[in-house]
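Down below is the structure, laid out as structure tokens.
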Amino acid sequence: MSSQDESASSSDTGEGGHVFGRENLNQSADYGYKTGSSASTHSTTDDAISEEPQPSGNGPRSIIARAYQLEMFQASMQQNIIVSMDTGSGKTQVAVLRIRAELERTPPEKRVWFLAPTVALCAQQYEVIRSQIKVANSIVMTGDDNVDSWSDVQTWDAVLANVRVVVCTYMILFEALSHAFVTMDSISLLVMDEAHNCTGKFPGRLIMKRFYMPRKSAGDHVPHILGLTASPVMKSDLSSMEDLESSLDSVCRGPTLQREELFANVHQPTMTVTTYKECDLRSPVQYTRNMNNLHLAFENLDIAEDPYVLHLMGQRTPKSLRELDRILTKLDTYTQNQMKALQRKSSSLFRELGQWAVDSYIYNVVEKVSNLDARSSWLGGWLDDEQRYLHRAIQGINALPVSAAIPAPEMTSIKLQVLLRILRGYEGSPVGIVFVKERATAGILSQLLAIIPDINARYKVGCMVGTSRYMSRKMNIHEVLQQGDDLLALEKFRSGAINLLVATSVLEEGIDVPVCNLVICFDMPANLKSFIQRRGRARMRESKLHLMIEEDSLVSVKDWGALEAAMKQRYENDMRELDHLAQVEEEDEMDVPPLHSRTTAAKVTVDDAKGHLEHFCRVVTRSQQYVDASPEYLVTTKTTAFVGGKPIPILGVTVLLPASLPPNLRQAHSSRDWISERNAKKDAALQAYKMLYEAGLINEHLLPIRESDFVDREVDGRPGLLEVQEQWNPWPCIVEAWETGLSSQTIHRRRLQLTDQDGMLMGELDALLPVPFPPISILKLYWIQHSEHPWTISFDPDVTMSGPGSTDPSFEIQQALDQTQILLDMAFGHRFSVSEQSKALRFIWPNRTLKLQMIGGQPFSKKAGEAHSSDYIIRSYGRDPYIYKSWVPVKPPLELVRGYWKAKPDEEEPPADAPWVVVKRLPKNCGFVKNSRIPIELPKEYQTSSPRRFDYIIPEQLCTFDTVPATLVQLGMLVPSITQAMEPYFVAQELLRRTALGSLDFKDIDLVMMVITSSSAGRLTNYERVEFLGDAVLKLGAAVTCATNNLHFPEGYLSLLKDRLVSNSRLCKAATALGLDQFIITRQYSLKQWRNMLTAPEPPTNTRKMSSKTLADVTEALIGAAYIEGGMSKALRCISLMIPNERWRSLDESRAVLYQVALNDIPLPSTLGPLEELLGYSFNKKSLLIEAITHASYNIPGSAGSSLERLEFLGDSVLDFVVVARLFSVKDPAPIEHYNMHLLRTAVVNGEFLGFLAMEWRTAATQRSVVVRTGQGTADELETVETPGLPLFGFLRHNASGDWVRDQQLAEERHAEMAPGIRDALEHGQRYPWDLLARLRISKVHSDVLEAVIGAVWVDSGSLEECEKLIERVGILRYLDRALRDGVKILHPKEELGRVAQNNKVVYKVDKAKRAARAEVYEVSGELAEGEDVEFLCSVTVGDRCVARVGGAVSKNDAMTKAALEVIRVWEEAGRSWDNVGVVLEEGV
């Protein structure tokens, strides 16, 4: 078992520790590490991941750990080590990797303690850890928290409850261990920052000596140790490193391999030593005016008046008298010491900076103290009288302000003038630090530099002197001016607002500052460690390090020159080593066979392989944020050989590919061992490329697979309109059946009953067909298009009236033909001949015989009209039909008549005094399946209130009437609609009979008829709703099939495959290949079409134009119909018929394959236990959950499994299907219309909404205790505070830094600010918050995590129901139900504006401008660079009017959305009218 395995085993037993230390040094350490390209993106801060800033760009930058960091991480997993790397090389990132690994492998009761020597460093490292490790609670404890007052174990237990990582100073842990508030067995890892301090009696060394070593000697558990330092040697004596190793039970380790990359990334500064002559200040004669006044005030102090002396004299005890004697001899009182310290500081400032500086300092101190209350808490005397006495002494200094606002050269020191020359002489854009020894010097020097004109023109100066351990510490008089905010200055330096920082040694160690190109040591470094730390701050290319040395210093220029010469010697040695490596590379013969394509002449050689492999990695990761695309190389030393008498390591290389690839394709090895590291990498790259080619990820041109490789040339690129077969017409076949073989035909009859809207029977007819009737039972028709209520035609069951063996069926058949012709002639004979139309669908009047003479066969008379009890038909000249209403004796006045019969020119006008008949005209078109939803206003004379109360009048002498009820004629007029209603059924039946779809055995012919009916047909139902369902079913089936059939394909390739399978072009081809095109119903009902229904088009006119989308939609609708009837299994059978060239698998089979390949026996890290509780689902294979929350940047060597992309690919389709199925299932109060289903689905599956939920959905809040300071002299109290739970996104495992951390911090800040408003809108609002979600600017990574978890649950459970429960819990379905219940407006504001604008053109104009006095904007585009203070403005024109202009937007999309909402608001306030809508300007725009 390896050391890692041993450690993991111990964690399983709850120990979580180790027993190895320095003695493991001689064990085999044959582990590799990975390296990225030397062109990788770099960080701009100390202890980040790398050194150099990446040029700004539009996309997110990606940063991963460099090879040497990963080498150190792996070494720390093997044994205790002290990581020794230069300042800024990324030691903290090594610690983050190590902490994360420790948390995952140890139980929750174990903690990691990160120790740092200073408060500022604790705060900085805590922020780094907190931002990168969110799965565990972490806290920071410093002296500022008054930890020394936590005097019982209950307080400590309460504070540390539920905490996994503690960041604190060394002293805090030492004291906690000393008092048994914390025990060693609760610590799994100790990280010791600035570990070089752990010598002598430093608390870090005492922790090891008193608590660690005894336990180790006894064989008890001890924590792992990880030290971090840039300078393990404090002095020139190398034995101090051995002492440090012994103290920390560790070995000092620095990167030993990858020399080529290390050299390429090390940027040492050019060092310059500058000497100066120090001012000789030996007597008061040389004092400045204010120094003399200070000296005089001090000399005038009478020790006998000192309050402390008077206090001792008043006690008159032996002890007080002895103390009084000592005080009088040494002048050692509080006031005397404060005045002496002020004099010393003044003298020091005079020597360092000159006359102007010291006079300004003394004057400002006096002014500051004089303005304080005599009993200010800043004055730290023992007695109140002492404070007042000191206050009076300071006020007695006759300090005068400086005479000049800007110091003249003669008023400054030679040393300051040297500094000014250095600053003035620097060329380029400076980013620098001036290191000084004393705090007072730092403050005054920064003020001086800030007022000197030519200096402040180039340098924005700040000051940092360090943060005190105790906030309540009393300040000395000489420190009262040092009240600047160190952290604020540091933040400004990091942000670029300050480019020159004057700092004390506090900035030498650890503090995260930008890389500099100018470092000036105003005072000589105290030791070698200090020199190395300061030098490490100058890490930009061509940076400068200036050492200012006093001529008479004990350390001579010669000594520093020797140091500089030694450094140059080191550079030269490094260059010689590079030359040697190049020579070795040339001698290392490259005899690796190239990669040849099997079908083309393409070839990749070993020299080409690295470039090709890098290109492949960029292609497969191009859609992934925060991911370094470079392949990473693990270099291992196999043995050692001697070349030219020099020992040379024999190397092997393993190349690691992105985590988005499956584990079996994540690494490849060099084919043999190599002397040259570069050649070994080339070999490994070629072997990896060969592996990818064999796996099918490289095409035959030896390039990464692209979209064009998936294109079916016969499918893709089809035009929008296609020429397809004419819609199949069933009626010619039916007529043929009537005309042939009647003796062998079975004649089918169904009785039709017409009832009005009240259910009253209006008439009956028997319909006959030589084929079975379609399964239609009820047909609802509107008499005219604007009828409010429909009439109902009900169909009795199909019965047989004749058939084989009948004696004389021809009589009834002929009778039906005759009666049908008469019936149709009654309805339409006055307009056209109906002889042909009567041959298809035939009718018989039950129990009656229709005769031609019944049509207008009787002349009209008043008596005849009154004899009929119901409506009947009146005809003029025996042809045009009307419904009889009444009789009038004379022609009514024309103003009372809506219409009347007019004689033709050759006809005689009937007399006005003759009788006239009042009738109602029959409509030209009737029998509509849908009524008009928009009421049409009738002409004035047809309105009910119109005085024209007579509809139409005809002279009585021209009228005849039918001897059949008017309802029979109306039934005849409905025959075309009845025929049209039957036609789709026949088409659907023929579809199933003639195509392979018949094998699916559809039971519901109504469903099939619906899904082949286009909306253009204008029928009551069409395919759109079912197509919406079928689309989701197809995409789910395609996603699952692609993932199962291509287990080694990354998500990008899977998306290309799926898109090819479900593309409209592919579905069009499937439809035409199946012969589906001629069965798609697109013809809209019309009387003209009914008249021509028996006319078959002749070639070449037997085709029609159809959009490719219609063909694709019907294909998906049939898939949806199959799902409705038989679930996913029948749907997949349907899909396999449509697209037969793919191996379609059932969901169960696919899930079984995917589950099988998921890694077994992977324990769930303890940090992820709360995640399972949040999800409400316990995984059978924990590896699936781990994969679902692993970002592609998680490039830790040895990490099992892949990243989340493939699961996210599956989860996206599962989520889409679950949402669509829920929408389709809604029936109350009515099914949701197709368009609204699209809107609702978009609302709940878009990335912004899902990302918001990934930040909202969180574990339960936890409670922990904090110590609350109640005030001086009062005991502190323990208060319980609630720590918010961790959101789903917070569990994401990643190894990104830099931009990732910044972007996520900004996202969290925006979420904290905007979440209440978004929650309110989602829970109570009547409009979907498109604008708020857009302004939140959540990255795609957030939604990817949620979808990946859904995919993982499906693969693990195989249950869509489990996924639906998860989707319900996260809040997606909950909001969907709420939006449906409350009628939330889902339409996007831009789309809504497009609708309400009607025929007016809407134009958006977006501009960008700098914004004044506001927080920084981080997301910008276009010509304004990232980080500039900009806002987006948008003006909207509707028609020819500028309606609104808004500003303050954070992106172009936000601006347009915001503007659209404003325009809608203005329009609504204007009464929903565009008339007189003025320009509305937002305030400040």
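Using N, Cα and C of the backbone, Cβ positions are placed for all residues, glycine too.
Listed features, source Swiss-Prot:
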- Met85, Asp86, Thr87, Gly88, Ser89, Gly90, Lys91, Thr92: ATP binding site (BINDING)
- Glu1208, Asp1344, Glu1347: Mg(2+) binding site (BINDING)
- 72-250: domain 'Helicase ATP-binding' (DOMAIN)
- 415-579: domain 'Helicase C-terminal' (DOMAIN)
- 609-712: domain 'Dicer dsRNA-binding fold' (DOMAIN)
- 988-1127: domain 'RNase III 1' (DOMAIN)
- 1168-1358: domain 'RNase III 2' (DOMAIN)
- 1388-1469: domain 'DRBM' (DOMAIN)
- 193-196: motif 'DEAH box' (MOTIF)
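Shown here: features listed in Swiss-Prot, placed on the structure.
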residue: Met85; record: ATP binding site; DSSP class: coil
residue: Gly90; record: ATP binding site; DSSP class: coil
residue: Glu1208; record: Mg(2+) binding site; DSSP class: helix
residue: Asp1344; record: Mg(2+) binding site; DSSP class: helix
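The binding-site residues listed here are Thr87, Thr92, Glu1208; among them, Thr92 has the most other Cβ atoms within 10 Å of its own Cβ. Of the recorded residues, Glu1208 (Mg(2+) binding site) and Thr92 (ATP binding site) place their C-alpha atoms 31 Å from one another. Here Glu1347 (Mg(2+) binding site) is positioned 40 angstrom away from Met85 (ATP binding site), judged by their C-alpha atoms.
For Ser89 (ATP binding site), the number of other Cβ atoms no farther than 10 Å from its own Cβ, over all displayed protein chains, is 29. Across the structure, Lys91 (ATP binding site) and Asp1344 (Mg(2+) binding site) place their CA atoms 31 angstrom apart. The average pLDDT the prediction assigns to the motif 'DEAH box' (193-196) is 90. Sequence-distant contacts (6 or more apart, same chain, Cβ under 8 Å) of Asp1344 (Mg(2+) binding site) comprise Leu1204, Glu1205, Glu1208. Annotated pair Ser89 (ATP binding site) and Glu1347 (Mg(2+) binding site), C-alpha to C-alpha distance, rounded: 36 Å. Counting only the Cα atoms, the space from Gly90 (ATP binding site) to Glu1347 (Mg(2+) binding site) is about 33 angstrom. For Asp86 (ATP binding site), the Cβ neighbour count at a 10 Å cut-off comes to 20, with all displayed protein chains included.
Sorting each residue of the domain 'Dicer dsRNA-binding fold' (609-712) by its DSSP state yields 37 helix, 29 strand, 38 coil. Nearest Cα neighbour of Glu1347 (Mg(2+) binding site) among the listed binding-site residues (Asp86, Thr87, Thr92): Thr92. Cβ neighbours within 10 Å of Lys91 (ATP binding site), excluding its own Cβ and spanning all shown chains: 27. Around the Cβ of Glu1347 (Mg(2+) binding site), a 10 Å sphere holds 25 further Cβ atoms from the protein chains shown. Cβ crowding, taken as the number of other Cβ atoms within 10 Å, peaks at Gly90 among the binding-site residues Met85, Gly90. For the Mg(2+) site, the Cβ centre of Glu1208, Asp1344, Glu1347 serves as reference, and the other residues of the chain with Cβ at most 8 Å from it are Leu1204, Glu1205, Leu1207, Phe1209, Gly1211, Asp1212, Ser1343, Val1345, Leu1346, Ala1348, Gly1351.
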